[in-house]
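Here is what TrEMBL says about this protein:
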- A:Arg92: active site (ACT_SITE)
- A:Glu95: active site (ACT_SITE)
- A:Ser118: active site (ACT_SITE)
- A:79-151: domain 'Cyanate lyase C-terminal' (DOMAIN)
Number of protein chains: 10
Amino acid sequence: MAKPLTRADVTEMIVAAKIQKGLTWKEVAAKIGKSVEWSTAALLGQMQMTKEQAEAAGELFDLPQEAVKLLQVVPYKGSLPATPPTDPLIYRFYELVMVYGTTFKELIHEEFGDGIMSAIDFEMKLERLPDPKGDRVKITMSGKYLPYKSY
Amino acid sequence: MAKPLTRADVTEMIVAAKIQKGLTWKEVAAKIGKSVEWSTAALLGQMQMTKEQAEAAGELFDLPQEAVKLLQVVPYKGSLPATPPTDPLIYRFYELVMVYGTTFKELIHEEFGDGIMSAIDFEMKLERLPDPKGDRVKITMSGKYLPYKSY
Amino acid sequence: MAKPLTRADVTEMIVAAKIQKGLTWKEVAAKIGKSVEWSTAALLGQMQMTKEQAEAAGELFDLPQEAVKLLQVVPYKGSLPATPPTDPLIYRFYELVMVYGTTFKELIHEEFGDGIMSAIDFEMKLERLPDPKGDRVKITMSGKYLPYKSY
Amino acid sequence: MAKPLTRADVTEMIVAAKIQKGLTWKEVAAKIGKSVEWSTAALLGQMQMTKEQAEAAGELFDLPQEAVKLLQVVPYKGSLPATPPTDPLIYRFYELVMVYGTTFKELIHEEFGDGIMSAIDFEMKLERLPDPKGDRVKITMSGKYLPYKSY
Amino acid sequence: MAKPLTRADVTEMIVAAKIQKGLTWKEVAAKIGKSVEWSTAALLGQMQMTKEQAEAAGELFDLPQEAVKLLQVVPYKGSLPATPPTDPLIYRFYELVMVYGTTFKELIHEEFGDGIMSAIDFEMKLERLPDPKGDRVKITMSGKYLPYKSY
Amino acid sequence: MAKPLTRADVTEMIVAAKIQKGLTWKEVAAKIGKSVEWSTAALLGQMQMTKEQAEAAGELFDLPQEAVKLLQVVPYKGSLPATPPTDPLIYRFYELVMVYGTTFKELIHEEFGDGIMSAIDFEMKLERLPDPKGDRVKITMSGKYLPYKSY
Amino acid sequence: MAKPLTRADVTEMIVAAKIQKGLTWKEVAAKIGKSVEWSTAALLGQMQMTKEQAEAAGELFDLPQEAVKLLQVVPYKGSLPATPPTDPLIYRFYELVMVYGTTFKELIHEEFGDGIMSAIDFEMKLERLPDPKGDRVKITMSGKYLPYKSY
Amino acid sequence: MAKPLTRADVTEMIVAAKIQKGLTWKEVAAKIGKSVEWSTAALLGQMQMTKEQAEAAGELFDLPQEAVKLLQVVPYKGSLPATPPTDPLIYRFYELVMVYGTTFKELIHEEFGDGIMSAIDFEMKLERLPDPKGDRVKITMSGKYLPYKSY
Amino acid sequence: MAKPLTRADVTEMIVAAKIQKGLTWKEVAAKIGKSVEWSTAALLGQMQMTKEQAEAAGELFDLPQEAVKLLQVVPYKGSLPATPPTDPLIYRFYELVMVYGTTFKELIHEEFGDGIMSAIDFEMKLERLPDPKGDRVKITMSGKYLPYKSY
Amino acid sequence: MAKPLTRADVTEMIVAAKIQKGLTWKEVAAKIGKSVEWSTAALLGQMQMTKEQAEAAGELFDLPQEAVKLLQVVPYKGSLPATPPTDPLIYRFYELVMVYGTTFKELIHEEFGDGIMSAIDFEMKLERLPDPKGDRVKITMSGKYLPYKSY
């Protein structure tokens, strides 16, 4: 009996096909019809796709029909093989949480009161910022403020 | 023999004095003369201050002279008591790294090649984004792109 | 120089005073004017109190003025000395997450789609359920559903 | 020699078949003849089924005979690939244990004395609570109180 | 302001007083009026005492009145400084769980079905078993069987 | 080249065959000619068998000749997939070590002096204890006392 | 459906082919046209290669075309199976970080101010240092100094 | 009874005194009469000093006589409060071990055979390397090669 | 109320007094009347002393009467502040267990059958082995073989 | 494409072949021409073999030619599946490090000064020590003393 396909297998198939076909995430997102940030997260196994999005992905990456169905299911989220992440690029983001974590906390509480920035009702944008001293990565995040309530 | 003062003690003194005096980080930053984001991080033990900045802080928070000197020394960085952070606000940022970590990696590599976004040559801004469906927290980060080089 | 008071110290003072004075959480909540569930969580260092609530707590537990101020500040949340929790009562809740975690996930996604039950816009009630075979603990939780959105 | 089938394999087969066949847990539970909460937990590898329940599941999901036998055996429980769980939905429950753990402890002890809420003689119900400000997830748990005894 | 006394402090005071006064746990248990196994666990901070038991302990160990009150409160349980335990005597019990854990599981399930041996409705007895090849430690445990129920 | 068979594979084969053939550990132990406790532990990969015992097991479970040889080799012991164990039945034993660990230590030292209860020169018996309030699991352990010696 | 090839598979294929063909890293680096330090790191899955470098590697190690494409993609970095590393040679480097970590920190801050030595804009050289008392390993590292900036 | 002074206390006293007196490690090393790298490591609690060196340190930092004696004792080594280190500067060294660990291993084995670079018979030098594109940190390490031997 | 003295405090007092008085472990052991290996372990908090041994230690190190009593109590064993140990000398022993662990297992089983080398009925001797290529540390351990028994 | 053979695979093949052929390590070592301690460690994947030794092993265990080549390569060392080791025999050695770790440290420093016992320039011998009270395992270790040097 063949081992059933999992979402993790689908992510691996997508990553492999993208490399072998020489596609870029921008081209992929254009076909999916959503932002490049969201589309990449979805194809890396972090978001649920609609039927249309999944079928577009299936065509682009030559995925079997079962894989197309799996893309329409809410995945078990978390994209890192281990934490703290060993990859230097991803570790820098982890480091930012360690160094600026209490600063985020103080400033959000000062501005909004007790509550959090949602990581669910959330979106982000990643851009290149040209700079004569060396180009910069610019990331803009926006998450809904959710207050704690007493009852 | 009295136990010598450490930077962690100074952070604790600053946090306590700020609460007892009813100061805001914005008022504090205005006195320090830098952005509220950087000033808060520095006063929470994550950045080295100049003599002038440290003295302004000393005055604001009634710090002893030794504490003012400690603010001028590079601290041992890392602001969280444990990881994964148990505090819900800070955990949401940690979760973003876990969910979007591989997306950050793919998009930065696609745009820039092999390298990282610096967490050192870095700045960030935290704002309130008014929204009829509930205000949002907006965070803008910018870090220099640093390429890996072959040799 | 005396070590400044922290919220953890205040929690310890409250717990000690409650025992020495023979108070119950129900009596305490009545004085605070909120539900016993929220009041207990707040006094155990997990919620921010208003000035009136904090002053009522200060009077009940003979807290110094600094402690009353600390109760009005958003705390660094997380109430357990270690995880997995060694205490059998608390461990049972941890075990429920391990045994029913994927069941919660499947059923919430089936009913609502991709998203989560908020642990912020959340409330809970704990009651005794009389039962001839032995009374039961009944816990009712309600948290707002927050959908993931594509963008 | 073929590797023998395990309960974890059966869980994976069930999850895959459910997606490919487009079944819902509610439909499945109706066939099993038990609540949707218990049926889902059982099919995700956390409960032992009777012969009839296992055969109904076998038919629904086209399971081989060995799998049907495995469903009738007490499984090695624990449904999460790792803790703390990386999936945001499941993490929120884990966070509730961290934030409200000591509150649960205090209130159960105040009401009942030294003892625990059983996670074995336990049941739970998950419902949608319509709310004009956004629907809510309602979870009702009930576990038998078990007292510690001196001897 | 003096740091309030905790149950952990009381355990430490009891252990120290027992050593300095040269008492044995058997003598102590006789005064408490319960078995030596339960009394020792209670005095080591794992069980809640009645007023009478706590006062008897207070007299034996010259405890202050606050400590006597703390003995009557349900403690945060878990007696080991770290796990796996570094102490060889305690480690042997941990090793038994690792080596015989699945055996306990198989045999209890075979005899009783799906369920557990309660660690709450539980008692144990520790005896010396004379043996010409070297005396043995005999431990008899008994815990109520609790079945999982479908619903 | 086929992957060589390991003792872990043999344990998995035995567990699977036992379920598919509907055998009980009691029937198995009767064929092996040892107590049900020891036989179960041995067949779950924790003890070395003699040639006769291994051959009896091979016949009962239709094991290949290599598996029969592996049963006669001392295994790498430790039966749990992870610690703390996620399975509720096994966790209760782990909890007993955490709650009663220091009690075991104090009482064994009081009775015997500095030393340990051997987990090697050890045996145990698991029985059902009928009880009108609900049957109980009774476990009797006996391990040789081994004293530390000065030299 | 065949499991897609990953970069980790390619590393394993390279290591195996190098051993079976009896090549040295020096010979390999000469073919790649870069330093032996960088080439080895790249072939062990830590650096991105150009098309020419990847094709040279493909030829040397008889790699399939997919593997050659994978060598041109930025890998998920981190070369150790676990940390702390169990291998004695690699552990010694880990030990150097533990013993000299604060020394590196103090001396770099004294010379440069607040900032770090880049591990990205970095190169290293490993040489044999003949010594009559036993030859020595000499490692020369150079990384760009990156200052923290206030803003 | 006063708590006896430990080497960790002495490190803390030295670090505090150095800051309050405005000394540099270079000035300190000149007084100790050894390289700045070794002197800093020794004063940060990683090396044993001679009587002369310890007395010179005592004078410089106004240490009490007990502290001077403690500097002459071999310390319990390891300078980091936790690993992985949260401080960005020290983490970069840790990252180098993770990224280049297997490269160090391959190249040392290729050049020398089976063995290690000693971290005991070891020395290192830290310098500023002027560079028009930004100055660099140069670290030169040399450790004796120690071969594994068969016997 | 003064915090009661613990065995860990006594170990710290002994270590401090030994350094300040310039004693050697050999001199100490001679006064205790046991081997230097056992005496050192006992004084570092790993063994129980007799009244005579404890009083001899009390005199040598000027210990208060409570400390002398604590030396006669079985300690909670385990001498390392953390594992894996950060100290290079102690780590080498840990490394030996990792590298030679399975070798010890195979050879003891080959020679003796299923069982262990006792770490309780155990003694060891540490000597200097003069060697023209550099002196060596020689450690001789002997532990009773304890067989597993079937029952 | 077949997965390339690794040294771990070779270790598994050797262990399996040894059991199926009924060889002892003593017989194997005699064929290899080195001590049984070293030969066992090498064949369990911890040492590099010469061509002659590897070929002798290949013949004894019917290894394929690739495996014989892998035996001549320095392995990634570390023989335990997890630490702390769950196997009781190996754990006893781990316990010895925890209990006697600081004793080893004190006695080696007293005899030799600051430095370590090498785990590389190291050999050991394992013998049976007949004893009327039960035979003993005797292990003799010898490692070169390596001094730390100031510079």
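Cβ atoms here come from the backbone N, Cα and C positions, even for glycine.
Cβ neighbours within 10 Å of A:Glu95 (active site), excluding its own Cβ and spanning all shown chains: 23. A straight line from the CA of A:Ser118 (active site) to the CA of A:Glu95 (active site) spans 20 Å.
DSSP assigns A:Ser118 (active site) to a strand segment in the three-state reduction.
All chains included, 21 other C-beta atoms sit within 10 angstroms of the C-beta of A:Ser118 (active site).
Proximity to chain H (CB-CB distance below 8 Å) holds for A:Glu95 among the active-site residues A:Arg92, A:Glu95, A:Ser118. The Cβ of A:Arg92 (active site) has 25 other Cβ atoms within 10 Å, all protein chains considered. Per-residue confidence over the domain 'Cyanate lyase C-terminal' (A:79-151) averages 96 (mean pLDDT, predicted model). Proximity to chain C (CB-CB distance below 8 Å) holds for A:Ser118 among the active-site residues A:Arg92, A:Glu95, A:Ser118.
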